[in-house]
Amino acid sequence: MKLRLGSAALTGALVGALSLTGCGSDDNSGIPGALDFSLDDLHCGPDGTLLASGSSAQANAMEVWVNTYQTNCAGSQVNYKATGSGAGVQEFLQGNTAFAGSDTALDADEIEESRSVCRDGGRALNLPIVAGPVAIGYHLPGVDDLVLDPDTLARIFDSRITRWNDPAIHRLNPDARLPDAPITPFHRSDGSGTTENFTSYLRAAAPDSWPHEPDKAWAGRGGQAADGSSGLVGQVQQNEGAIAYFELSFAHRNEISTVRLDTGAERPVAATVENAAGAVDRARVVGRHGDLALEFDYTARAVDVYPIVLVTYEIACDRGNEPDSVGLIKAFLGYAASEEGQRALARIDYAPISDPIIDQVRRRIDAMA
Amino acid sequence: MDPANAGDGTRPGRDGTVRLGDRVFGGLAKGSGITLLLIMAAIAVFLTIRAVVAISRDEGNFLTTFEWDANSHPPVFGIAVLLFGTVVSSLIAIVLAMPVAVGIALFISHYAPRRLAAPIGYLVDLLAAVPSIVYGLWGALYLVPRLTGFYEWLDHLFGWTGILSYNGTPARSLMSVGILLAIMILPIITSVTREIFRQTPRAHQEAALALGATRWEVITTTVLPFGRSGIISATMLGLGRALGETMAVATVLSPSFLINASLLESGGGTFAQNIASQFKEATSMGRDALIASGLVLFVLTLLVNGAARLIIARRREYAGNAG
């Protein structure tokens, strides 16, 4: 009993410490300590310990899932280290972890590489399991509501629109009192899935104004850089005229105004969990041979679709997982993909995966061996 | 007994026997020395192997390319910007910190009343105990916003040079990094030089006083010449810390893979900062590229230390006579 108590405390401390050091990038924990994690109908797997690492964008979702799972299945431990997607995938492909969390789906080469860690001819699967809106936060006293379209957004972040009273911004916000002040766009200085998703959006929705290829590293011209989403938040708060992109929870917790996006729909869409879920509903599965890698329609025009979304995957073997831990992997991921698991997301500013896709995720998890 | 051989465990004692304690201690000391060499060699070998792999696949020029695109296919990366940023920010730090550190050290060793000297010494040493991430946060949240006015003034006076022009954007630049690094390396330079100044032979100082020297003349004729090699090695220690500083730079600097002619405007990067920023999301190729840049930093640090040794060796005669 004493032992179990100790290990639970240790896990708690680990998760806490890791979400703190979680590169400051995506530490959106707003999870109250006294939250009740107990659940009646959670299907527990066999006892054991699960090691996993990867994306820090899903760290808070993981924290809730891990806490809930461990509270209800006392013999199990899940250690998720938010090391960043690249490091997580690396560790998984070296066979050090049971599954990885990643902001980008494994590509064909990496799936091929996974055959060396997945036994019995198995290979790695991309399982989309968490999504979230990427908000555009800005700091402009006197302007509470700001509407931008993809084209203007791309030109601001590429340092081609440099002042707030630019005609292009004025046209979208005829009633706002835009100051004659410089715009300081901020981007991530560290490699980040958030950057990749944001620039994928700019590339797809405003190809004429955003000539750069989407990448985890920032490719735009000019502007300033800061480390992690929390670094961007700090700079936006500190500098009048700043604008930056980060996960919605950062904007909420720091009371930063976010841009409404003029996608061409009847009215501009706000960055909310509901509108992000609308975008996830319209996502298309592009993975082949049972893989569930997703592609978004960044040009969607609907009043309930906020198109800048980040989806993060769990990556595990379809066959040939470690025999000792496969039962636990299935039980834990099964819970995360379950209705309860997905419902827990909205409370912490993540969006659930849409029903037809999450159904497929559940089936893949059931079939894992 | 020749003190140079005192550590040799096989040397017989007065009665001709080799004592167990001598042998054990000698072995331990030797072992520690060899371990250090092995660790250094292991690091060098590891860095070199990974770096060679990365550099051989680099589609850019490793030394001159102004880009870091190591995760893409094909990888294109070069260290020019990082080398420039690392050297420039560290030089700014040294130029700012050294005179102040020597001043503090002289104040503590020769000017301050005894009651004041000890607390000031403690305070300076305390600066060295502050974790670098705390310096980084202080720098980013407090120092940088307050530098804007100073930079505007510099721009007003020296903006025509191009090096000190300033466009009013947040001052997260190599100059700000240099200023922060100067504060961070102040304690190490101060404490080393302070100890050296304290060791200036009494006889020298009293001789100077007897010849009618003022306190200032005593310092310029005895303390500073005696401490010169100490000042240099202290500065090199500080430079070593500045070159390798990671978190504080990553927090304060707004990096980019362009060299901005102005030191006051954002841009540039350093080796350690770039590794910290890129490592988390790097592919295996990207990781090897970062390790290759780490190797350059390793070599740079070795060169700096080697240079310091050379200078100290040349100055040794004076210090030797004094002793």
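Glycine residues also receive a Cβ, built from the backbone N, Cα and C atoms like all the rest.
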Recorded phosphate site member, picked from A:Asp103, A:Asp175, A:Asp215, that accompanies A:Ser55, A:Ser56, A:Ala57, A:Ser85, A:Ser192, A:Gly193, A:Thr194 in TrEMBL: A:Asp103
Short-range binding-site residues relative to chain B, from A:Ser55, A:Ser192, A:Gly193, A:Thr194, with Cβ separation under 8 Å: A:Ser192, A:Gly193
Per-residue Cβ crowding (10 Å cut-off), top of binding-site residues A:Ser55, A:Ala57, A:Ser85, A:Asp103, A:Thr194: A:Ser55
Cβ atoms near A:Gly193 (phosphate binding site) (within 10 Å, other residues, all chains): 26
Surrounding CB atoms that lie within 10 Å of the CB of A:Ser56 (phosphate binding site), all protein chains: 35
Cβ neighbours of A:Ser192 (phosphate binding site) where a neighbour is any other Cβ within 10 Å: 34
Average model confidence [pLDDT] within the domain 'PBP' (A:47-340): 91
